Structure formats: C-alpha cells, structure tokens
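Engineer: Let me begin by handing over the structure; questions about it come next.
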Amino acid sequence: MQGLAFLAALACWRCISLTCGATGALPTTATTITRSATQLINGRTNLSIELEFNGTSFFLNWQNLLNVITEPALTELWTSAEVAEDLRVTLKKRQSLFFPNKTVVISGDGHRYTCEVPTSSQTYNITKGFNYSALPGHLGGFGINARLVLGDIFASKWSLFARDTPEYRVFYPMNVMAVKFSISIGNNESGVALYGVVSEDFVVVTLHNRSKEANETASHLLFGLPDSLPSLKGHATYDELTFARNAKYALVAILPKDSYQTLLTENYTRIFLNMTESTPLEFTRTIQTRIVSIEARRACAAQEAAPDIFLVLFQMLVAHFLVARGIAEHRFVEVDCVCRQYAELYFLRRISRLCMPTFTTVGYNHTTLGAVAATQIARVSATKLASLPRSSQETVLAMVQLGARDGAVPSSILEGIAMVVEHMYTAYTYVYTLGDTERKLMLDIHTVLTDSCPPKDSGVSEKLLRTYLMFTSMCTNIELGEMIARFSKPDSLNIYRAFSPCFLGLRYDLHPAKLRAEAPQSSALTRTAVARGTSGFAELLHALHLDSLNLIPAINCSKITADKIIATVPLPHVTYIISSEALSNAVVYEVSEIFLKSAMFISAIKPDCSGFNFSQIDRHIPIVYNISTPRRGCPLCDSVIMSYDESDGLQSLMYVTNERVQTNLFLDKSPFFDNNNLHIHYLWLRDNGTVVEIRGMYRRRAASALFLILSFIGFSGVIYFLYRLFSILY
C-alpha cells in the first residue's frame, strides 16, 4: 500500500502541474530520489501531501516505504512515473484521450453469485493427497474449498504493462496472478493485435493498431473492482474515464479521441448492465451467441471488424472474471454449478478459436475441479445417464468435459450418450422438429464427442456410429431449410437455435450450392436473405462439423477421395457409401439410372472389407410397390430409407431404430413419401447389402391421373381437328 501511495503522490503531482500550472521541480534521477528520501527520513518520517485542486490530503510514511520497497524498485517506480517529462508532452497525452460526459451510477451491486453451497449440502476441504473417491454421489451436489479452485485459475504470475511497451504507457508496471488472452488480425506491419488480462480483481483488454504510433492509438477497456484497477499515470484519472459503475464494479474505457467513434458503436451502460445483472452462465451464453453471429457474417478475420472483436473479447474476459470473482467471494463453492460454468467458458473459448484461429489463452486451468469431476462421472452407468432428468444429464456432460483426461471419455458415458440420443430421436420422429431444449443437449453432446478420443471398445464404437446415423436422420431437407431461415437473421439467433444435428451427421454434401437448393421457397425470404442464411449456416457447419470419415471402418476398404463422398450409412452388418463415383471392391448401385441428372452411386461394403455371398458387379435397383406401415413386427428396423430429388440429389435419410420410428415414418408430418411430388424418389437401404426402390400406390394413382389428363387433351385435339376439317369441306 505504501508503494501505491507513492505512485499516487507522483501521479497527482503531474495532475496538479497540468491543472494548476505548478512549476515546482522534483528530483530527476534515482540517485537524487534516494538522497532526497534519506533527507526526508532524517528530518521527519511522515510526509503530508495535500492536493489543492480537489482538497485531498494524506500522509506518506517514508520509513515504512523503504522497508517494503527496495532501492531498485524505487528507481523503477520513479522512472515509470515520468516525473521529469515535459508538461507539454503530458498535456498532449491528456488531450489525445476521449472523456465521457458523465459516469452513469447504477444502484445496487448486480446479481448474486449462483454457486453458493446450500446450507443442507456437505462441504469438503480438499488438500494435497486428498482421497477423491471419498466424495459422495455422481452429480457434484456438494461444496469444495473455493481457494483451491481459484489457485488453479490464477496459477501464473505475470509482469504487466512494462515501460518498453508503448501501448501500455498509460499504466504503471505491475506483477499479478492472471490469465492472458490474445488475438492477432492481419499481418505484423499493418494488422491489429488484441491483448487481454483477467485477474482476481480486474479485466484489461487492449486494442493496438500496429500501423500507427501505439502510444496514440492503443485503446483499453477495463472492468473490475474500482479500488483495485491498475494504477494510471498522472495525465488521467479513473473518475474521468469511468462510463458506468455500481456499488461493486466499474467499466472504464481509455480511448483515443481521434478514433473513439469507431469503438463506441454500442451503449456501454447497457453492456455494463448486461454484465452485472445477468448470472455468469447467462452472460457467457450471450457472448457465445455473439461469436456465432460474427462467424455467420464471415467477419472473424476481417480487419474492419476489429472494433467488434475488441468488444467481444472484452465481454468474453469479463465472463471469465465473473466466474472467478464469484468463486473468490466464497469459502466453498458447489461443484455441479461451477462445472456448468467452466464447461460454458470452455465452449466459449473453443468457438472463439474456431472463429479466430489466432486466439490463445494461457491459464484458467481446472486441475482440482477436473479430479473431482472424474470421480463423479466414473460412477455414472449408461442406463443411469439415460434415465436422468435433462438438467442432470447436462451436469454430467459438463463434468465429462472437465474430468475426461486427454479425451478419454469412459465407455459407460459414451454408451449412455448413445441411449440418450436414441430416446431423443424416437421422440423427434413424432413431430419432425427440434426445440431449443433438444438443441442445447445436442450441443453438449457435440462438445463431448468431438473432444473425445475414439473408444477402444469396438462395441461402443459401433453404438456411436449408430448415434451419428440418428443425427444424420435429423438433418433432413426440412431441417436445412429451417437453419437457412434462421441464419438469414444472424442477429436474432441464440447459441442453441443456431445448433443443428447436421453438425454431428454423416452427410458431406452440404456445400453452399446444395444449401441454396434446399432453401425455403417463401416470399418471406428475399434472395439476399437466402444468400445470407446459406453463407452463415455453411460457415458454422464448416467450423463445427464432426470429422467423422475417419470413424467409418469401411472407408479404409476403398481408395475414394473425401470430396467424392456424399454421405455414409453405417448399419450393423454393412456400410453404404453414397458418392459421385463408383467404389471398387463393393456392391455398386447406380442411382443415375433412375432419372437423376447427376451421377450418384450407392456402394455397399462390409466393415471388415470382406465380400458378399452374391455378385459384386454393378446391380440394378429393383422396385417394390404399395409399401405402407407394417402391421406386425419391424421389417424396416436396422435399415435406412433414403429420399432424393431428380435434380438436387440426396434430400433425407431415415434410420429405422425401432417399431415406433417405423410407424412414424409414414406419418403426414414425415418428410418421406410425398404424394404430390413425382420428382422425389425413395430407396430402401437394407442391412444385407441390397437396395430397393419404393413406389407406393400414390405414384401409380398420380401416373394414372396424368395418363387420363393427357388422353383427354389428345381426344379433345382430335375432335377439334375433325371439326375444323368438316367446316372447310362443308
């Protein structure tokens, strides 16, 4: 504290000089300051400092100061204070800053932290050598000591705001336990660099334009405890730079006067309210949504989007700060709640890295929390996970993200996920739409599966392949049209409404041209809106789509390149590869013979690459008529119904997992068996390697009606011709 008082004295002397025209001189070298300090101590220990311009006064004890601060440190403080700087230079620095008209003061201190341990819950003081298996339950419904969790977050001490970094000349150097973030946009000569720091007490984010003089163009956003913000040098004070504050936190912006308008694109008071009135979980999800919106607009790497990314990075760091601050303010924190918050922050960093590949983070570890989570998920069986309420399933999946070391997710969890997805899929086939709740769970499953290593158990691998096939079945032409419509309005999206089962599907044909063909034909969507929706959905699909080809064993049986594959259909005993060229060593069905304008082949391959007991030469697809809902048993189980358009190719796939799905396949809401569209065809991909075309009575009736219409037109033409002939003759 004595050091801070010393800094304040130096800083305020500069303020007095600027505002009151003081001409007094202070010592200008380290030797002089040390000698002057000695003389002060010999004369009197306490120095009284009075600031005439605002009536502030305080005492500085030099003896205590020198007991705490060494001579080299005192020299550094003196040099950093730039006390000998020409006052005209200091005045120029001040005049280069933008100052808000006033500080908006908001009553109260915002939200209450949500992860307090209920009085009825047990708490555990985890220390070195703690036996984690002694922790109860499997859902983290107990408290652990907060300081240990906080120590994992802030495990590294950093030297910040060094004097040789011009963009930080507004701050005094300091050492602090912190987490560091950075993003680089553009090249090293003319690009933009963004740096961020999160400590237990504050957040600082800096925007540095490399193409200009850093001291004049660096911009800073700060959030935190007002009395603990980094010390400023004398040409400005926090009271002048604070945009909004409440009883607990303050939001400060240090912006250049010549460019502040490009950075003040949003209302900072509203941003402050969003930060302080939302729970950390709600606020984190808001930032996730914003990053998805930036990704959808393809603005992640655009240098002109740097002001937006500056603000997003600031909000992202504040989300991390709010979680850490909540932990810091309590002796114990509830495990399940903190795991949920950590999982959301992890996903936030992940999508930020997808959007901005140069995004880096150093710190914010979860060693203790990961050990606790690992113990909890080890007790969750597959059937238990499948039977838990939705909120508890989300808790388990959050703990998996923290507790699965090196991506090694327990087999019981993977099997449980397969069961959860099958239940969700069966429910989906009653309505053929997905709500936000289902999409939220899918997002959690996506995070776990895309981070996990392939399971060693072949049985679990096969179940996961069936799971991916169920996600593929929910990626219908209806779903594609819905997502294009949503992404046509990226600013109205939320993170869950933006998630699609297509991200976990086995379709590889969803390029922009294909998506445009599936766009809704509605007057509500203009051509511009369709283009925006197609581009946005394609961007996110490219970023989040599961890299699933390496999970399909049968792919190794052929030398086909990935760009030729349209979709894969892994059934229990055979894998179908739908592609634009025929595969070797497979039973090949050429779909192009059935009216399709572009080539499409369906190749049947066994997972172990062995042959079939029937001819593997190119085969014609037989036709079955009059298929309808089976009255008994499940003849369609473990097979797939595929629909395709004559012009646009593959539309939808439907994996029949049980009798209920089989029955729901024929509902009016089903995307299959359209009575009114003769351009849509349906194939039945069976588990024995045979493919059959399905044509129902609806097709025969339509053909008969068409024949009657053509016959009537022809007959009418003949009558008219005879009438004209007789008119001429008679």
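Each residue, glycine too, has its Cβ placed from N, Cα and C.
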Engineer: From 308-328, 707-727, which range did Swiss-Prot mark with transmembrane segment?
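Structural biologist: In Swiss-Prot, residues 707-727 carry the label transmembrane segment.
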Engineer: If you count CB neighbours within 10 Å, which one among the glycosylation sites Asn101, Asn556 has the smallest count?
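Structural biologist: So among Asn101, Asn556, the glycosylation sites given, the one with the fewest Cβ atoms within 10 Å is Asn101.
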Engineer: Among Asn125, Asn267, Asn274, the glycosylation sites in question, whose Cβ has the most other Cβ atoms within 10 Å in this structure?
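Structural biologist: Ranked by Cβ atoms within 10 Å, first place goes to Asn274.
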Engineer: For each of Asn365, Asn688, count the other CB atoms within 10 A of its CB; which of these glycosylation sites has the top count?
Structural biologist: Asn365
Engineer: Any idea what the Cα distance is from Asn688 (N-linked glycosylation site) over to Asn613 (N-linked glycosylation site), rounded to a whole Å?
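Structural biologist: On Cα coordinates alone, these residues lie 10 Å apart.
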Engineer: DSSP says what for the region 'Interaction with gL' (190-254): how many helix, strand, coil residues?
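Structural biologist: Breakdown, helix to coil: 11 helix, 32 strand, 22 coil.
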Engineer: Looking at the topological domain 'Virion surface' (22-706) alone, can you tell me the average pLDDT?
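Structural biologist: Its mean pLDDT is 86.
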Engineer: Do any residues at least six apart in sequence from Asn613 (N-linked glycosylation site), in the same chain, have a Cβ closer than 8 Å to its Cβ, and if so which, in order?
Structural biologist: none
Engineer: Nearest to Asn267 (N-linked glycosylation site) in three-dimensional space, by Cα, is which of the glycosylation sites Asn125, Asn131, Asn556?
Structural biologist: Asn125
Engineer: Around the Cβ of Asn46 (N-linked glycosylation site), how many other Cβ atoms lie within 10 Å? Please give the count over every shown protein chain.
Structural biologist: 11
